[in-house]
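Written below as structure tokens is the structure these notes are about.
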Amino acid sequence: MLASSAGGDPAHLSIRSSAWHPSLGVPRPAMTAHSFALPVIIFTTFWGLIGIAGPWFVPKGPNRGVIITMLVATAVCCYLFWLITILAQLNPLFGPQLKNETIWYVRFLWE
Amino acid sequence: MGSMFRSEEVVLVQLFLPTSAAYTCVSQLGELGLVEFRDLNASVSAFQRRFVGDVRRCEELEKTFLFLQEEVRRAGQVLSRPEGRLPAPPPRDLLRIQEETDRLAQELRDVRGNQQSLQVQLQQLRLHAAVLGQGHSPPLAATHADGPSERIPLLQPPGGPHQDLRVNFVAGAVEPSKAAALERLLWRACRGFLIASFRETERQLEDPVTGEPSTWMTFLISYWGEQIGQKIRKITDCFHCHIFPYAEHEEGRLGALQQVLGETERFLSQVLARVQQLLPPWQVQIRKMKAVYLALNQCSVSATHKCLIAEGWCAARDLPTLRQALQDGSSEAGVSAVVHRIPCRDMPPTLIRTNCFTASFQGIVDAYGVGRYQEVNPAPYTIITFPFLFAVMFGDVGHGLLMFLFALAMVLTENRPAVKSAQNEIWQTFFIGRYLLLLMGLFSVYTGFIYNECFSRATAIFSSGWSVAAMATQSDWSDAFLAQHPLLALDPNVSGVFLGPYPFGIDPIWSLAVNHLSFLNSFKMKMSVILGVTHMTFGVVLGVFNHVHFGQWHRLLLETLPELVFLLGLFGYLVFLIVYKWLQDYAARAASAPSILIHFINMFLFSRSPTNQPLFHGQEAVQSALVILALVTVPVLLLGTPLFLHWRHRSRSQRGPAGRQPDEDKSGILDSSDASVAGWGPDEEKAGCPEDGEEAEFVLSEVLMHQAIHTIEFCLGCISNTASYLRLWALSLAHAQLSEVLWAMVMRSGLGLGRKLGVAAVALVPIFAAFAVLTVAILLVMEGLSAFLHALRLHWVEFQNKFYSGTGYKLSPFTFASEED
């Protein structure tokens, strides 16, 4: 509803924004901080299980070597890719630049 | 490790086949498909070989088969596929098959001929009946009935005793187009001595000569005088008219003829049925027989003429099966066939056994070049890295899911005969690569989640790490302030704004941001470099296995080590800088954060920029050391191996022939590949080595030149290949942008259509159809092919040129299986 109001009338919108907040009454919690250690532990363990422990459980057969290669390669590639992504966002140098409409609704929507 | 790690051991075997059992033995081998025969009669032309007569007989039989097949096809019937196991028939059966085939062919020819001539007669008769059935104008008939005495000829007939005033008729049929010309000519030639009447038939009748139905002009010419009659006959002959005598009994003849024709056709279909039953197995058997004779032609005859000697390549693992097959084949002959290994200095062919899953990946690798004998096979790693690199360029949950489901449908229905035997080439291409598509789709779903893109829309599975509310309250963003500033940026320095990295993938707030490309470009470029350096290092490490296997320990020290130092010292260091900078918090002094690019450039130029802060203490010293180390490795790479080989060659030749024996115990393949130019040499191995081995082959200048090429390729290639991996960034950017544009232009305008209930709902149906079609056509097919191509290039060039030579040839065993389709 807020999104469909295009651009600018401040008075019109200030009525809306002020009407939004008290009308709901339920106090919303502030956004929780994301830890860095927890995802690292979880995903390292997950891909470690697949890549290091998994090969021990592959049944003997003609394809054992290929399956082990596949498990290890998958674990390495996917873990590395995830790790790069989280490391790139660990210490941002700049933040996102948002349009004022976006700010208006995300401010209250993502609380 | 599975047998895909490197090619299997393939040995050269020599087979002694007793002459009487040679045929059965070879046909057994053909059924099993184990041995690739080497042509021992290469100097003999095809016409002088021993079994050329048998081959020719088989070919003639095949020609007759073709004729029979044509006949069956002409009758509109189809030959069924032969069922069951059909071994090649023994040579004595060839005569029987030949006789029966010739008999069938002759019968078919006769019956066909009869049928055709009967058809012609039938059509003639029909035409005749039609002509007779035509009534011509009564006045003409009445005039004729009057008799000649009442008629005054328009022209005086030539006098004489031959005046024949009896009226004669000529009746026949002519094509309507020629009727007018015929009439004119008759008038001009026989003016006054004839009366002609032309009438068109009502029905269409078949032309006896061409068989096409058309309307005919029947004519009735009454004339008097014998000469006139002859003239008329000549004229009608010129015009290819059909002349029919008048007879009473045409009806009966028509019926009898039709009956005979019917019986002929019945007999024909009987013969065709026999052909249909007998032909398919014969075709298979004769094809096998011909293949066996062609294989036998490649064997040489022993001095005593008692047995044939064959040479071939066979996988070492299959030798017991081979022995058993030869035992079985020669059991009736009394003398058993013998097989034993012989040493060979030629490079054996490569054999890698694959199943239906791994076959497509091995196919990709083989398309670039079949691996040399027993070098490391890149295929098992390609099973995962190829779909992964594809997915990095294609990452989108929605598109990946569509691709995965399409491939899954193909995989689950792969055993249905309708699906397997489809003839469409494009479908066949997709079908052969179904496991490839399956993995590509699966990895694309994963990278789509990491890029946080599903049909270009981001999802907030976890809460975002950026708090707009905190920024707004801390910076006092009132509504008036917001109204005046259309764009505002979140500052990570403000407390409470940045709450930590998003735990899985890219934060969803970036999809709402105007400057999302600034962040994503930096992230994707660094990611491409990291993935590229990792992939290439892995390639260099795989080369270690090659050196160890072939016993070339000096190459470990003189090539792999310098290569690794060069690659990791320069580009590994770049990766280290990237990761190090990521781990530091520069938000507080973002404007003066160090630039990795400037540092890297200055590293090579041994200069420094005063405005660029160092990343860590002693960075300059470390960088200088690394560059000097890398520069030192270049001459080691260039001169190490050639000088070592030269020294070894000289020390061996100085030791003399006595000292040569123990060295030649190494297997012949190793030595030849050793001397041939640091392993990159082309075809010296295949051509076979001279008797005194590699000593005479070693030419220092050649080895130096090849090593120089290798060094330049590697060092320059390191830089260019690392940059080449940036296509991972470029294509993923293109895919994301195309996806977003499609959404914004098509779906979003559709979803934003009017507020009246129902307007948007109705309009969305064609709009969604357009969105779906464009998604599949542009984003799935076009982008998919593009990413496939680039991932393939990355594998073939950047990865494989670190360790793979691809100059081998495949083992193509003598088998009937390929001919049975």
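Note that Cβ sites are derived from N, Cα and C of the backbone, with glycine treated the same way.
Automatic prediction, not curation, is the source of TrEMBL annotations.
The region 'Disordered' feature in TrEMBL is assigned to B:653-691.
The transmembrane segment annotation in TrEMBL covers B:388-412 (among others).
The transmembrane segment annotation in TrEMBL covers B:432-451 (among others).
Annotation comment: TrEMBL describes B:497-517 (among others) as transmembrane segment. Nonlocal intrachain contacts for the transmembrane segment (B:497-517), taken as residues 6+ away from its ends with a CB within less than 8 angstroms of a stretch CB, comprise 449-453, 457-462, 464-468, 470-471, 474, 487, 489-491, 523, 587, 733.
What TrEMBL records for B:529-548 (among others) is transmembrane segment. Away from its own ends, the transmembrane segment (B:529-548) comes close to residues 6, 375-376, 378, 381, 385, 389, 392, 555-556, 559-560, 563-564, 567-568, 571-572, 574-575, 578-579, 679, 718, 721-722, 724-726, 728, 794, 798-803 of its chain (Cβ-Cβ under 8 Å, at least six residues beyond either end).
Summarising the annotation, TrEMBL assigns transmembrane segment to B:560-579 (among others).
Among the features that TrEMBL reports, transmembrane segment is placed at B:586-605 (among others).
Listed by sequence, the residues of this chain that lie at least six past the ends of the transmembrane segment (B:625-645) yet keep a Cβ under 8 A from its Cβ atoms are 554-555, 557-559, 562-563, 565-566, 569-570, 573, 603-604, 606, 674-675, 678, 698, 700, 703-704, 707-708, 710-711, 714-715. Summarising the annotation, TrEMBL assigns transmembrane segment to B:625-645 (among others).
As annotated by TrEMBL, transmembrane segment applies to B:757-782 (among others).
Sequence-distant contacts of the transmembrane segment (B:388-412), counting only residues of its own chain at least 6 positions beyond either end whose CB sits under 8 Å from a CB of the stretch, comprise 419, 430-431, 434-438, 440-451, 453-456, 527-528, 531, 535, 727-728, 731-732, 735-736, 739, 775-776, 779-780, 783-784, 787-788, 790-791, 794-795. Nonlocal intrachain contacts for the transmembrane segment (B:560-579), taken as residues 6+ away from its ends with a CB within less than 8 angstroms of a stretch CB, comprise 526, 529-530, 533, 536-537, 540-541, 543-544, 547, 596, 599-600, 615, 622-623, 626-627, 629-630, 633-634, 636-637, 640, 714-715, 718, 722, 802.
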